[in-house]
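**Student:** I have a structure here, written as structure tokens, and I will follow up with some questions on it.
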Amino acid sequence: MDPKNGSSFTGFILLGFSDRPQLERVLFVVLLIFYLLTLLGNTTIIALSHLDPHLQTPMYFFLSNLSFLDLCYTTSTIPQLLVHLRGADKSISFAGCVAQLFIALGLGCTECILLGVMAFDRYAAICRPLHYTVIMHPCLCALMASASWFTGFAYSSLQTVLIFLVPLCGKNKIDHFFCEVPPLLKLACVDTTVYESEILFFSMVFLFIPVALITFSYGQIIRAVLGIKSAAGQRKVFGTCGSHLTVVSLFYGTAIYAYLQPSNNHSQDQGKFVSLFYTIVTPTVNPFIYTLRNKDVTGAMKKVFCWDYDSR
């Protein structure tokens, strides 16, 4: 890498919300609460999926993958943001910025694919119930989950290398609270049209291929549900699938806004708050969305906690 391209300085300055000191104090408290809820909610999902035999199914296997992903995604950005909100030093090393971009981008891409895989699982359970255990064999589930993680981080590796090959000419102030693609490209001292076009193309691939799978799966599910004569049966299916569709809408809505909108169409402040939404709000609410009306999970929680209490 050319010295003018970043290796001549030790790191970057994450400006974040430093122009609004009053907001920083409020954000610190709010984000700390959200982060603790994220840790609690997602850890609970993972623990219950392993402790309760009734939750050791493909659906909860993928849900525990999603919970682990959300834990990692939030932890890759929020603890550092909390430190920056309470101190004057808002720097991040060059290696730290590269690692943060690689991890956050890899986890985001993995979630895109994983949500598509989870939609396929619901399709198999509802539209092919007699063949469900054959289709969603544990080996296939493990393979699909592994492929999601591998593909997400393979794409992240490519994008991270390309981003840090862009000449920065000594600029090191990132107008964001973590190292993300759009604000990093704004540091470039060359025309980034080609880079932005390439990122837009691959972002569309990573967003719309899973969306196509989700659309197909839920199109088939709706057809199957309309054929169910029992109102209770329809409510059960819509309850399970509604949770997943809510999570899909939250994730893809913010991702499309952040990555597929031309950079000159929204302010940098809007971009920061959108990023806050998918780095902390979505991972916090996901466990509650999946468990709020889920009798399997609430039942497992009662059994685990009651057993723990009785064992004393």
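Note: Cβ is positioned from N, Cα and C throughout, glycine not excepted.
Bear in mind that the values here come from a model prediction, so they are computed numbers and not experimental data.
According to TrEMBL, the feature domain 'G-protein coupled receptors family 1 profile' maps to 41-290. Taken from TrEMBL, the feature transmembrane segment applies to 26-48, 60-78, 98-120, 132-155, 199-216, 237-260, 272-292.
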**Student:** Using Cβ distances below 8 Å and needing 3 or more such pairs, separated by at least 6 in sequence, tell me whether the transmembrane segment (60-78) contacts the transmembrane segment (132-155).
**Tutor:** yes
**Student:** Which residues of the same chain, at least 6 past either end of the transmembrane segment (272-292), have a Cβ under 8 Å from a Cβ in it?
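**Tutor:** Contacts of the transmembrane segment (272-292) (Cβ under 8 Å, skipping residues fewer than 6 from its ends): 16-17, 31, 34-35, 37-38, 41-42, 44-45, 63, 66-67, 70-71, 73-74, 77-78, 104, 108, 176-178, 180, 243-244, 246-247, 250-251, 254-255, 257-258, 298, 301.
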**Student:** With CB pairs under 8 Å as the measure, which of the listed stretches 26-48, 132-155, 237-260 comes out on top against the transmembrane segment (199-216)?
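**Tutor:** If we count Cβ pairs closer than 8 Å to the transmembrane segment (199-216), 237-260 scores highest.
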**Student:** Residue list, the transmembrane segment (26-48) vs rest of chain: Cβ under 8 Å, 6 or more residues beyond ends.
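**Tutor:** Tertiary neighbours of the transmembrane segment (26-48) are 17, 55, 60, 63-64, 67-68, 70-71, 74, 78-79, 81-82, 85-86, 276, 280-281, 283-284, 286-288, 290-291, 297, 300-301, 304.
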